[in-house]
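Have a look at the structure below before the remarks.
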Amino acid sequence: LPLLLKATLLRLVSGSYHPFYNGFYYNHIMNDDSDGQDQVDYFNGARLVVETSKDPVYSYSGGNVTLLCHYRYEPDMGPKRKIRIKWSKLRDDYTKEKDVLVAIGKTSMAFGDFKGRAHMNQASRHEASLVISDVHLEDDGKYRCEVIDGLEDESDVVELRLQGIVFPYQPPRGQYRLNFHEAEQVCQDQGAILANFNQLFQAWSEGLDWCNAGWLADGTVQYPIRLPRKPCGGMHLAPGIRSYGPRHRHLHRFDAFCFSSALKGEVFYLDRPAGMTLEEAKQSCQDAGAEIARVGQLYSAWKFLGLDRCSAGWLADGSVRYPIVTPRANCGPAEPGVRSFGFP
């Protein structure tokens, strides 16, 4: 029977559900030789190799970052025709992707939230680097650089990590009042986003210990425990991340774990000897050419800028808190942290 080769058009803007491929499976031909090993025959006689940074690339909210990507041919065949480049943002499980940018030669197009923020850097031969300006909290994650030359299609993955901090959040109404969508919103209101598992794990490894369960970005509910104790899963369990698994995003209610990145601006205190109400505090900040800080901004200033103040102050959500870098008498517990008086 004759072999029928069914070739489909490559769609640059499409969601592939296979890691490292974009619905484009004929980048090489597999032949079975006598010893049972697969042999690769490349269409143009040269092997296409794509390489990105093996180490994570770090940035912060509002910053600019370059995700390096280079490609080459083995052996080098000299000048090539215009190749196609596609950048995608991947999920941790590689089941979905988000189109970031596609380019042919010097012409490129960014998509979605990356419009106006993403462009190619092709300063040197065989460079396909992605530049992202005004980095958003949601940009944290894995990116795939895919190079397509005719029937050859190769790719590599680089990870962008934002320098940030995870903090637990309860609304004024009290503990376990948020469904998933409400948790997303309260984090946004505080200058943050729902944390993902990797961010929560990093925070746990740095000392975060919190007994109340909270939503994460993937719809699971978890909480970090450094010191096992009876109300927090029991004494018999080792330290780690306790998980309730996926919960119903509308019906179930918990707290939230929010993630905020390093600041471009500054958090500072305004003192008034007689004190201020919340509305007076908001107006005083406006009079000073600023705005009243949000919870995520206070946590970021505490962690990244070393903000240390034993006097409590209002925040935008109506809570009263203060940051302590160097614990001392009359300033709360013996550990550094952001202290809270709740919602007076």
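Each residue, glycine too, has its Cβ placed from N, Cα and C.
For CYS211, the partner cysteine in a disulfide bond according to TrEMBL, taken from CYS187, CYS232, is CYS232. Candidates considered were CYS285, CYS310; TrEMBL assigns the disulfide partner of CYS331 as CYS310. Counting residues per DSSP class in helix, strand and coil order gives 20 helix, 11 strand, 48 coil for the domain 'Link' (266-344). Around the Cβ of CYS331 (disulfide bond), 15 further Cβ atoms fall within 10 Å across all displayed protein chains.
Neighbour counts were taken at the CB atom with a 10 A radius for the disulfide-bonded residues CYS211, CYS232, CYS310; the maximum falls on CYS232.
Counting in whole angstrom, CYS331 (disulfide bond) lies 22 from CYS211 (disulfide bond) by their C-alpha atoms.
Mean pLDDT, taken over the domain 'Link' (266-344), works out to 95 on the 0 to 100 scale.
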